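Reading through the structure tokens given below for one structure.
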Amino acid sequence: MAASCVLLHTGQKMPLIGLGTWKSEPGQVKAAVKYALSVGYRHIDCAAIYGNEPEIGEALKEDVGPGKAVPREELFVTSKLWNTKHHPEDVEPALRKTLADLQLEYLDLYLMHWPYAFERGDNPFPKNADGTICYDSTHYKETWKALEALVAKGLVQALGLSNFNSRQIDDILSVASVRPAVLQVECHPYLAQNELIAHCQARGLEVTAYSPLGSSDRAWRDPDEPVLLEEPVVLALAEKYGRSPAQILLRWQVQRKVICIPKSITPSRILQNIKVFDFTFSPEEMKQLNALNKNWRYIVPMLTVDGKRVPRDAGHPLYPFNDPY
């Protein structure tokens, strides 16, 4: 069953459910991608920093293309430019590395992963002596211009942003000749992102939700944090509709026309996550789920400095999460 799609301003159809691959280990991700394709997924979300693009590429080579299970034009593949590759000279080589790893001739969507740049080079997390990150002064507007050249060369069909706030999106729009088509951010009922979604939709951007299930498998999880999949409203709806809590969270998003990229390597869950197009919540039920919002952000990159866990980039002038949205 092919997932329903949203139409990007480029004319591309982007499936509302994709397979997320963050934290999918090499050794497991190839089988997950092959299984997802076999049950109807047509959207795979990747990133250079996830360290598993070569293995995803093996799956794509086996199953995608002329005479194979999935025609290339039916598949939507996203990847992301890492923070160490923001310098305009580094953008095309970074993309070409991703294309080589994924064994593709073009990407459907290429995102700037974060608004700020790290020091150039091959160390993905360059550090100062005190353990803090070494940043680079390249501004995202310069990076954007280099990304636009990739579209002109036919290497990328659409561009987008990840982890940008509303002000930064408008900043990009002020210089863009190729307008961003998608914003990818953390989003789930605890972090509903209503203002940011409205901001994007008013400007012709679609929104992709990462960690749509609340990302309880993160290494730095706080034992006291709320668990979205155990929320009583979610459990009650799961019982009513005979669905899993995960399916309830995903249905809420697709009913708002928000794209979701739940990560799984478990076949039963991969299958479950795409089966969210055959039931519909009432307006009242949508309201109940909307009411869970507490602006709770699970994904804040952390560092240990002097034995304490601190937000890694919060002091950077381009850090996106200091603004209201």
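Cβ from N, Cα, C; glycine included.
The N-acetylalanine feature in Swiss-Prot is assigned to Ala2; the stated evidence is a large-scale study or a structure entry. Positions annotated as phosphoserine by Swiss-Prot: Ser4, Ser38, Ser211. The NADP(+) binding site feature in Swiss-Prot is assigned to 11-22, Asp45, 162-163, Ser211, Leu213, 215-216, 263-266, Arg269, 272-273; the stated evidence is similarity to another entry. What Swiss-Prot records for Tyr50 is active site, proton donor. Residues or ranges marked as site 'Lowers pKa of active site Tyr' by Swiss-Prot on the basis of experimental evidence: Lys80. Annotated N6-succinyllysine per Swiss-Prot: Lys127, Lys145, in sequence order, evidence recorded as similarity to another entry. Per Swiss-Prot, the feature N6-acetyllysine maps to Lys127; the stated evidence is similarity to another entry.
Here the features listed in Swiss-Prot are placed on the structure.
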{"residue": "Ser4", "record": "phosphoserine", "Cβ contacts under 8 Å, 6 or more apart": "Pro15, Leu16, Val254, Phe277"}
{"residue": "Leu19", "record": "NADP(+) binding site", "Cβ contacts under 8 Å, 6 or more apart": "Ala32, Val33, Ala36, Tyr41, His43, Ile44, Asp45, Ile261, Pro262, Lys263, Ser264, Ile270"}
{"residue": "Tyr50", "record": "active site, proton donor", "Cβ contacts under 8 Å, 6 or more apart": "Thr21, Trp22, Lys23, Ser24"}
{"residue": "Lys80", "record": "site 'Lowers pKa of active site Tyr'", "Cβ contacts under 8 Å, 6 or more apart": "Cys46, Ala47, Ala48, Ile49, Tyr110, Leu111, Met112, His113, Ser162"}
{"residue": "Lys127", "record": "N6-succinyllysine", "Cβ contacts under 8 Å, 6 or more apart": "Ile133, Cys134"}
{"residue": "Lys145", "record": "N6-succinyllysine", "Cβ contacts under 8 Å, 6 or more apart": "Pro88, Val175"}
{"residue": "Ser211", "record": "phosphoserine", "Cβ contacts under 8 Å, 6 or more apart": "Glu186, Cys187, His188, Tyr298, Ile299"}
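Counting only same-chain residues six or more apart in sequence, the Cβ atoms lying under 8 angstroms from the Cβ of Gln272 (NADP(+) binding site) belong to Ser244, Ala246, Gln247. DSSP assigns Ser4 (phosphoserine) to coil, not to a helix or a strand.
In the three-state DSSP assignment, the secondary structure recorded for Gly11 (NADP(+) binding site) is coil. Cβ contacts within 10 Å of Ser38 (phosphoserine), excluding its own Cβ and spanning all protein chains shown: 14. Taking Cβ-Cβ distances under 8 Å and a sequence gap of 6 or more within the same chain, the neighbours of Leu213 (NADP(+) binding site) are His188, Leu228, Leu229, Ala246, Leu249, Leu250, Pro262. In the three-state DSSP reading, Leu19 (NADP(+) binding site) counts as strand. Straight-line distance linking the Cα atoms of Ser38 (phosphoserine) and Gly11 (NADP(+) binding site), rounded to a whole number, equals 26 Å.
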